[in-house]
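Database features, via Swiss-Prot:
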- 1-24: region 'Disordered' (REGION)
- 58, 83, 84, 85, 108, 109, 136, 137, 151, 218: S-adenosyl-L-methionine binding site (BINDING)
């Protein structure tokens, strides 16, 4: 029987489904030939542990996405979680939606992530329905949206596709709607960038990752995860049409922006 959604948001991050997450040891031993990063079955299996030990402030962002949903989700609207992975942001939003007639659409292009996401969503009962969709987020037609989440997703798109996606998000939002855009940042000030890069590595070491694990994962990600500066993100958001865009959370070189579409909520 599905559980009622009564556990805390922090617990949802540690246990996003009916079983506890496995510890990430994917890169603990030397890998002879490192390919590019993919969100495959092995990554999906350890993803909750991996992201909590790798992304500073991740659990805070997830919790606060729920708080933002309570504030911004409008009655009879749709909410999109684009690049939903295992559904942590979806669960956080669903728990905090207080208005009627809403639906969350959670999208990811990884079959392994989608399969587990469906299990995690189905493990908890709630009033707000969720559609879990396996698709390229660029192919999703956004409509009647009051809130959209891109939680560490945009950085995995080809740079040439990023503006197009943000344009689609803006067009699909209702007046008064919000986009939450969480990303790893790079910095125009090289000294600050180096400091925060090193602090992030200290964070991973403190969470039990070895130098080998850190190095191998970085090598696999370097051609796949292409980061932007906060200034670049803001420029894109304003170009898409968002009247307001600002960082609302940051820890080291990771953070989240909120972008607002002007107008009165309907």
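The backbone N, Cα and C atoms fix where each Cβ goes, glycine too.
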* To do: Compare all C-alpha positions of 58, 83, 84, 85, 108, 109, 136, 137, 151, 218, the record's S-adenosyl-L-methionine binders, and send over the largest distance in angstrom.
  => 25
* Structure fact -> Checking the binding-site residues 58, 136 for other Cβ atoms within 10 Å of each Cβ, the smallest tally belongs to 136
* **residue 151 (S-adenosyl-L-methionine binding site) CB neighbourhood, other CB atoms within 10 A** => 25
* Asked: Does DSSP give residue 151 (S-adenosyl-L-methionine binding site) helix, strand or coil?
  -> strand
* **Count of other CB atoms lying within 10 Å of the CB belonging to residue 84 (S-adenosyl-L-methionine binding site)** => 28
* Asked: Over all shown protein chains, what is the count of other CB atoms within 10 A of the CB belonging to residue 108 (S-adenosyl-L-methionine binding site)?
  -> 26
* Asked: Is residue 108 (S-adenosyl-L-methionine binding site) helix, strand or coil when read with DSSP?
  -> strand
